[in-house]
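J.: When I checked TrEMBL for this same protein, it listed these features:
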- C:4-100: domain 'CoA-binding' (DOMAIN)
- C:Thr17, C:Gly18, C:Gly19, C:Glu20, C:Lys43, C:Ile96, C:Thr97, C:Glu98: CoA binding site (BINDING)
- C:Tyr159: substrate binding site (BINDING)
- C:His247: active site, tele-phosphohistidine intermediate (ACT_SITE)
- C:269-289: region 'Disordered' (REGION)
- C:277-289: compositional bias 'Acidic residues' (COMPBIAS)
Amino acid sequence: MKLHEYQAKQVFAEAGIPTPGSALATSVDEVVEVAEDLGYPVAVKAQVHVGGRGKAGGIKLVEDADEAREAAESILGMDLKGYTVEKVLVEEAVDFTNELYVGVTMDRGEGKPVVMVSERGGVDIEQVAEKDPEAIVREHVDPAFGLHPYQARKAVYDAGIPQSVARDVASVVSTLYDLFEERDGSDVEINPLMVTSDDDVVAADAVMNIDEDALFRQPELAEMEEEAAEDDLEAKANEYGFDYVRLDGNTGIIGNGAGLVMTTLDLVDYYGGEPANFLDIGGGAKAERVTNALDMVFSDENVDSVVFNIFGGITRGDEVAKGINAALEQFDEIPKPVVVRLAGTNAAEGREILNDDLVTVEETLEGAVQRAVEFANEEADQ
Amino acid sequence: MKLHEYQAKQVFAEAGIPTPGSALATSVDEVVEVAEDLGYPVAVKAQVHVGGRGKAGGIKLVEDADEAREAAESILGMDLKGYTVEKVLVEEAVDFTNELYVGVTMDRGEGKPVVMVSERGGVDIEQVAEKDPEAIVREHVDPAFGLHPYQARKAVYDAGIPQSVARDVASVVSTLYDLFEERDGSDVEINPLMVTSDDDVVAADAVMNIDEDALFRQPELAEMEEEAAEDDLEAKANEYGFDYVRLDGNTGIIGNGAGLVMTTLDLVDYYGGEPANFLDIGGGAKAERVTNALDMVFSDENVDSVVFNIFGGITRGDEVAKGINAALEQFDEIPKPVVVRLAGTNAAEGREILNDDLVTVEETLEGAVQRAVEFANEEADQ
Amino acid sequence: MSILVDDDTRVVVQGITGGEGKFHAEQMIEYGTNVVAGAVPGKGGQEVGGVPVYDTVDQAVEAEDADASVVFVPPAFAADAIFEGLDTDLDLVVAITEGIPTQDMAKVYKRLTEVDTRLIGPNCPGIITPGEAKLGILPGNIFESGNVGLVSRSGTLTYQVVDSLTSRGIGQTTAIGIGGDPIIGTDFIGALELFENDPDTHAVVMCGEIGGEDEEEAAEYIAQNMDTPVAGFIAGRTAPPGKRMGHAGAIVSGSGTGTAESKINALNDAGVPVGDTPEEVADSIEDLL
Amino acid sequence: MSILVDDDTRVVVQGITGGEGKFHAEQMIEYGTNVVAGAVPGKGGQEVGGVPVYDTVDQAVEAEDADASVVFVPPAFAADAIFEGLDTDLDLVVAITEGIPTQDMAKVYKRLTEVDTRLIGPNCPGIITPGEAKLGILPGNIFESGNVGLVSRSGTLTYQVVDSLTSRGIGQTTAIGIGGDPIIGTDFIGALELFENDPDTHAVVMCGEIGGEDEEEAAEYIAQNMDTPVAGFIAGRTAPPGKRMGHAGAIVSGSGTGTAESKINALNDAGVPVGDTPEEVADSIEDLL
């Protein structure tokens, strides 16, 4: 789960990391008002979960009220890579001499958090990582001990951070690690960490991604999540408790188990279709969950057909079939063609039970996907 | 450093461990007043750092105001194993059905904290440990991970704590460990942890000893230390920054280095004398520290002679001798005979420099101790 | 033969009194697994499915001489339960629980370097040696005893592949679901090594998915250390970067690591045929046997 | 020969720019110790006593090929400095600092089980191989090269015994102060084992004191594993229970463990003569050689 920049900065500032003066604004007048309070120059920054906001026109530096108004008008309401900008952060512009990068993430290969420091901040750090990996110093952390202070210093000195700010940067690194640990971060970054002409350091941007599996013990951040959700369908999936990812295609996909659902997506693509979503309804297939899943998929106006792929394991195929029937019978009319493939324990009995009037029943995964792709192509052609 | 029972209970209660209602009192009237507020029966408990207070008459259970007055009169001002009782804790008497023991200490052999739980609380736990070690369940804690919740439960179930209170006791154990860790405890205990007829648990006593080397990061507890100090000489030693222990004999001992000072004590005993104290002045022997050390030893009215044993290592003997001279010359009259033994680097030169008019100079440790013991015996005979 | 579990494995079920724990303990017993005890704090003295319940794993192991455990404990308490299993000197702990916070698992992972116990999972369907024992939630009836080993990050995808194998008359030595989380106890290499050393395993199916670099490392291991032939499958070819595809671990990072393409290439380079569909994997295994 | 340190030992001084660090680094250099670098965060690029200072131990080791460090860092930061030394793949870290919180040391002690580096101390005078190298604060001039090993929990008591030995013409292979804290890196057994394996050490002096059970365990080790004769001394016979005698570790617990009597008896049972005075220890060594 991603926090917005303004939310992450609030968390950082509370932990003692220096951030520029700023306030959130949702209207043009508010932007100007806040800018006047802060004093020019200020930056007006779109608050959407999109990388490269600056290049896409989502961040503007303004020198006076006219420019502020102009920037606010252009950014508020703009479409930024598919997201509509509804909030902007108005923030004091920092007069910097140097831009650094600091971050903490989980290195899954090592099973350990890793602290990263680079003198090459202010740019796309993933490009730096690819082209010049040496420019990013990495220090792995033993999660039982936590980050030793010497490790923060070591990362900072090894990265060649100048002596004049080394102590302050090490302190930011330590605080960032503490946040990562205490707030169940999965990825916490400051890019750039700006160095001012007075040798102060200021977090000019803030990234904070939280481990979704830990939100149960992070109530404050879980509240921020609601505020941060942007896609209506993804918000609905949260509500239903589904693992759901929206995609660009027109074949809707429902299944049980992440690996099998991914495989179904891949087969849709393999057979010439385009997946509209990933939707894992989890174990079994109770009528209510099936209903909710269908509601989700049909709410996506791009969807032209649905493939419903259930492997009945412990839950027997005949029971699954009854659940699917019960769910489908709640619809007056099934909005788009649904192909059901049922496998595993008592699959044959299940297929017998399924209501052929409402759905197309297929025996194999390959067959079901091919049929759904055909339906989708037909619907799309109409 | 030991907290008083009332201080430890305050720390425990703040951490969420249930304790009986109580208040501190320093006068008979105050005791009665507090007792009336709490409601009878109450316990009146002497607040001194002495084990076995109950047996020694330092704890009394009272049923009404007359008894409370009587108890307060007998306890306040009483001498308990050498300590004068100035404060009592007046506390609700707990109606218990069972008395348990829980504690956390550092197992120095293992280099790990150890959690202890026993169903045999309410008695001298060290006797239980000696006679029936199986009755105390011990669970070692990896200090990098801290106490896992399962370990608290394991200790509780293995100790045979009844199911009806097991969860609550495990929770107290976890909290106690957290206190041990967060407050730099060296020894934290509840004995007894009382079980009431409603299956509640209540800490009826509280022991909390703090690692003195960690007081720098425990400012709140360091403040309590001043309140807890009881011996004037030991308070003075704290002020001077000396390692000092008061003993019962009449030969005062000053030296540098814990091992060598202990050895000097042992030799005083070996040669028939009785050590009055342990006093380590640490490295070197600057005039001011020597003056302070002599002030300490002469402040103990039991002292009849002093042996001053310095092994000059890095600091040269001639410099040490000058420091000792300067310190001694500040006295109009040296109150008791002082024997100085100087060894190590440039010891011979140092001995030359020492002022024979003020002190007796000896070449060997054995000789110096024997001489000081003779002086002490002579003085004591006068 | 088989790996890790068989007729003799004596199993403790951690969390046996919960809904999932009870249901699957009974399923495991019905399958013939030697479930000897349950462990649930505060439930010591009860019985579930004829099996005695103890307050701690240690007591269960002491009393019933167990050597493996299966963890069905809710995510908030699961890491603690795994620590309890690891610290009790079992040979094997299988953690079924999905949704354990990653930082809890990082600590467990550290602890694994200090003990001899093997962990499978979490967020996995478990392990089964057909006809002998299953520890977990796998549907026993789709498996058949035979000579193909199977290791997978996914549950239902495993069933899909197993179904294809069994329906062609190809049985399995042991099937392991290693789990879909970013940090797991036994990785592909750990499982492949066991299959390589099992004389009865004549071929191995390895089902990977996007996220991490475990498949790439496994490919290198296969190329350098394995004589037993391996057929592969990788799920998530169509997954967009930065999105978690159901499993906490199934995510292509923004910087482009963990893609299906990279994994498929690595496996192909190691001589491992990677099927475009699950049926193609079964075809490969038929060829390899 | 000698143990642990000699002419070739290349030493980093952690905290070399502090008062103690600077003074003793210079003393160590003057003694002939091969001090190759200092390490102090924020002081990289400076020089102390002709030795270059680096910001981190790692940089110092990289640049100067050091294999040992001495820690002169104030108590609040000392555990962190020890971790830094241990994690930098040195052979030896010697921690002089007195007053490190015990719980910090418990964590260090845990880390020691995970690395190959040996720790001596903390709260110790250090280690010296007379005529070759000293790492710590021991007064070099009282030592003389010879064939007696010395291990002690105390500083000045060590000097006292060494002085007696040297004045009788008995020199030392190596002397180690293991430190007076409750939790230390190298205990008596660790040091005794090294002396036992050093062919040039013909006898060993072991100076213990009250507190803990390290001397008792050492006595058992001596009885079972040592051919080299040992003479002992135990300080604190007159110490009352429950009082910390200067050293954080020198305390007889209320339950009566850690007494001088128990230690003396254990050593005597192991055939180790225990002197009533330091001079008696030197007498014993004269007899044993």
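Quick reminder: no glycine exception, Cβ is built from N, Cα and C everywhere.
Keep in mind that TrEMBL annotations are predicted by a computer and have not been checked by a curator.
Thinking about packing and proximity, how do these listed features fit into the structure?
T.: The DSSP secondary structure for C:Thr17 (CoA binding site) is coil. Within the same chain, residues at least 6 positions away in sequence whose Cβ sits under 8 Å from that of C:Thr17 (CoA binding site) are C:Gly38, C:Val40, C:Lys43, C:Gln46, C:Val48, C:Val53.
Under 8 Å, Cβ to Cβ, and six or more positions away along its own chain, C:Tyr159 (substrate binding site) finds C:Leu138, C:Pro139, C:Ile142.
For the recorded site, C:His247 (active site, tele-phosphohistidine intermediate), the DSSP three-state label reads coil.
With a threshold of 8 Å between CB atoms, the same-chain residues lying at least 6 positions outside the compositional bias 'Acidic residues' (C:277-289) that come near it are 147-148, 157, 160-161, 164-165, 168, 170, 202-203, 205, 207, 229, 231-233.
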J.: Can you name the binding-site residues among C:Gly19, C:Thr97, C:Glu98 whose CA is within 10 A of the CA of C:His247 (active site, tele-phosphohistidine intermediate)?
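T.: Cα within 10 Å of C:His247 (active site, tele-phosphohistidine intermediate): C:Glu98.
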J.: Of the residues named as CoA binders, C:Thr17, C:Gly18, C:Gly19, C:Glu20, C:Lys43, C:Ile96, C:Thr97, C:Glu98, how far apart in Å are the Cα atoms of the most distant pair?
T.: 23
J.: What recorded positions from C:Gly19, C:Tyr159, C:His247 have a chain A Cβ less than 8 Å from their own Cβ?
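T.: Correct list, in sequence order: C:Tyr159, C:His247.
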J.: Please work out the number of neighbouring Cβ atoms within 10 Å of the Cβ of C:Thr97 (CoA binding site), leaving out its own Cβ.
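T.: Its Cβ shell of radius 10 Å holds 25 other Cβ atoms.
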J.: Limited to the domain 'CoA-binding' (C:4-100), I'd like the whole-number average of pLDDT.
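T.: 96, rounded to a whole number.
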J.: Among the recorded positions C:Thr17, C:Gly18, C:His247, which sit with their Cβ under 8 Å from a Cβ of chain D?
T.: none
J.: In the structure shown, which of the recorded positions C:Lys43, C:His247 has the fewest other Cβ atoms within 10 Å?
T.: C:Lys43
J.: Counting each residue once, how many in the compositional bias 'Acidic residues' (C:277-289) are helix, strand and coil under DSSP?
T.: 11 helix, 0 strand, 2 coil
J.: Using DSSP, tally how many residues of the domain 'CoA-binding' (C:4-100) sit in helix, strand and coil.
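T.: When I sort the residues of the domain 'CoA-binding' (C:4-100) into the three classes, I find 33 helix, 23 strand, 41 coil.
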J.: Output, ordered by sequence, the same-chain residues six or more apart from C:Glu98 (CoA binding site) with a CB under 8 Å from its CB, or 'none'.
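T.: Long-range Cβ contacts: C:Pro75, C:Pro122, C:Asn123, C:Gly180, C:Asp181.
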